[in-house]
């Protein structure tokens, strides 16, 4: 398959593969271990999927903030994102 | 304790997912790919890393466009929401005049964006436009092609003219759904007009009002056609909103990389705001169900 029209690069491919893998993982989890929504520190009902969405969206902004404050590379920002995601899954 | 939700029904929306993937997700992926590369055409790309993002984050041109965009959205919301509520409260409740009002209110909503732009572009001209000519004869120096304030006023009044009816119609629908018993109870308690509005009408309109604000915010935040037709983003850059700037960058200058980085950030902001609105709305619904 010719994918040059989409101008793929290895880093962006890895980025989307990670997101796809997370979505598949969430699907499997939802089938194997159905869950009830819970109310966390944001005082809204969230499921695992909601928490993943909040983590990803928040991470995007954390990375942008990191880029604005410290510039590339983003490794520090990425660590911060993982900490943030862990906190979201634990408390939100 | 709630029962676990069975999410298997979600598999039934897979066909839609495929369609959306084809029309939105895959193009979006391409944008992400462009945002980390540079091109001089011919489908040849060079790795640029995060350079475009850094550039966009520190670009005063984009900061200015963002500020203008926020200012525009805030101003039109501050005008359209109270005005829409006011119109809805004063519309006839039933009968011939109610139907006539509804049709008249719906008219501006049916006009395509670029036609609205053209109407106002001509309407505001001093030589042939009714508005421009009248203002000129009244001795007011009005020229939306040369004066930034005039251009802003024109674009805002145009948007108010185009979209206030949407807010009004949604609020009207919300008002119509209030049972008479509420008003009768208020009458027995001798509630003032303000109190009826504050404690009966406004809470009952809350749901539709939120939808109206969300729709108006999203539309105004992404506005392109009308200001583009009327002012073309000018005078200077005075009415260059985010999407006008984006199109200039992507198609005018053919800077695909920077434009892609910029549109991703634009998309993230819109997604965040939509999510906040969506969450607030669904939680309001749930709270109402529990009451």
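Just so you know, the numbers here start at 1 and follow the chain as drawn.
Glycine is no exception: its Cβ is also placed from the backbone N, Cα and C atoms.
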Could you check which of B:12-36, B:37-61 is flagged in TrEMBL as transmembrane segment? B:12-36
Give the range, chosen from B:127-149, B:196-218, that TrEMBL lists as transmembrane segment. B:196-218
For the transmembrane segment (B:259-281) and the transmembrane segment (B:70-89), decide whether they are in contact, meaning at least 3 CB pairs lie under 8 A, counting pairs 6 or more apart in sequence. no
Leading stretch by Cβ pairs under 8 Å, where the reference is the transmembrane segment (B:151-175) and the options are B:70-89, B:96-123, B:196-218: B:70-89
